[in-house]
């Protein structure tokens, strides 16, 4: 991913989240704490799923992948973001910037489709419980994950490939804390029409298609739940889906707000605040959402802790 012959910029300067000196240390400590919780929380979920055989089900197979993606996703930009808070001049090479952009897109898109697979899994579990083990076989689960990663690969290649065709002349200061698409488009000294069209199409597909699938899945789930006469049965069904609905709302809502409008309509300060939400807050909250609201995970944690005491 080296710069082409027409690109004069060999490195970029990241302005970071804020230029106010008094906020640098508090923000460094805040995001360092969030990053540690993100890594340890998701790693803890991964270990619980691996160590407890009763969690070796399709739902936790997807949750295992979600935790793995969240660790990688947050690690794409958080270490550099933390460095920005304690450094005077924050430089990233052209190659490093394009690499960061690629992996950011890859993990973000793969999470969208993974959440879609999880919605389908909940639909089958609640609406077709007798066929669950047949429909959600290991082969089907693996195929859904492979499809998620293939969609992520193609989307990340499209975003990064279009970015590589742009020319960056003298302007090399990115008004952001990582190499996001919109701040980079604002630095280009050539037309960004193709890039904006590509971004709108690719982001649109990767938000609208999963969102439609998720809405249909949960519409059918809701219809099924309303036909359940038992209050306890309804409560259990809603409890099963509530964690997933929260995670979907956080991920898709912030992404759609940021990218499904023209770059001229997005102020960078507004964009940076929105970015913090889906790059730092969502991976931070996911392990909390899926552990604190999940009886199986709580039981597995207690069982693992008791096992370690003996």
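A Cβ is built for glycine as well, from the same backbone N, Cα and C atoms used for every other residue.
Over in TrEMBL, the protein carries these features:
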- 27-51: transmembrane segment (TRANSMEM)
- 41-290: domain 'G-protein coupled receptors family 1 profile' (DOMAIN)
- 60-81: transmembrane segment (TRANSMEM)
- 101-120: transmembrane segment (TRANSMEM)
- 140-158: transmembrane segment (TRANSMEM)
- 200-225: transmembrane segment (TRANSMEM)
- 237-260: transmembrane segment (TRANSMEM)
- 272-292: transmembrane segment (TRANSMEM)
**Q.** Top partner of the transmembrane segment (200-225) among 27-51, 101-120, 140-158, 272-292 - counted as Cβ pairs under 8 Å
**A.** 101-120
Q: Examine the transmembrane segment (140-158) against the transmembrane segment (101-120) and state whether at least 3 Cβ pairs sit under 8 A, considering only residue pairs 6 or more apart.
A: yes
